[in-house]
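Take a look at the structure below.
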Amino acid sequence: MADTIAESDNNPKSSKVFNMDLEKQEGVVVVTPEEVEVFDYAKRAQWLRAAVLGANDGLLSTASLMMGVGAVKQDVKTMILTGVAGLVAGACSMAIGEFVSVYSQYDIELAQMKREGNTQDKNKLPNPYTAAMASAVAFSVGALVPLLAAAFIKDYKVRLAVVVAVVSLALLVFGGVGAVLGKAPFVKSSLRVLIGGWLAMAVTFGLTKLAGHVGV
């Protein structure tokens, strides 16, 4: 007979579980605890969230920049250089922003642990370095999608159409991944991300085109 008892220690998020094996030895019941480690999904959530948001930001912001510049400059070199600049600047910005944000959260939670005299779960706190790296890498991966889509197409109109089509497909994928991770409705979340992406690219393209016409 075996019962499973969760170790609480006033911590509802404890990841340790004990299997209590009951053995009979000369008429006496002996309880032997066997410690079993349970995977802590909370530690993975911090960098997973940063990775999904970073990839979506990289995809959309870089594509919008390329579409905006493409509204007034039709050569492929200008569009690609704009995308590369957006990738580098965005990845650095995401990494620094995520690092500062998560480090602030780390300091607050650690201070609370010290006040309560309970610091044994310090290793479960969010890691700012992991979150920053995940954001930067994910942003770069997302930004590469429109860059690769436009890199080898010389015709202006075809290039714009391919960028919109590839980015739209990627937005659906990222929206679906976010829905699965957040346990949200798959179709609704995917369409929301797609429509938002279309709106961002359209507004950037339209306003840049207008600014080019009025000579700003």
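Positions of Cβ are set from backbone N, Cα and C atoms, glycine also.
Among the features that TrEMBL reports, transmembrane segment is placed at 79-103 (among others). Beyond the ends of the transmembrane segment (79-103), by six or more residues, the same chain brings 46, 50, 54, 57-58, 61-62, 65-66, 69-70, 73, 126-129, 131-140, 143-144, 146-147, 150-151, 159 to within a C-beta distance below 8 angstroms of the stretch.
The annotation transmembrane segment is assigned in TrEMBL to 131-153 (among others).
The feature transmembrane segment is assigned by TrEMBL to 160-181 (among others).
Annotation source TrEMBL lists transmembrane segment at 193-212 (among others).
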In the same chain, who gets a Cβ under 8 Å from the transmembrane segment (193-212) while lying at least 6 residues past its ends?
56, 59-60, 63-65, 67-72, 164, 167-168, 171-172, 174-175, 178
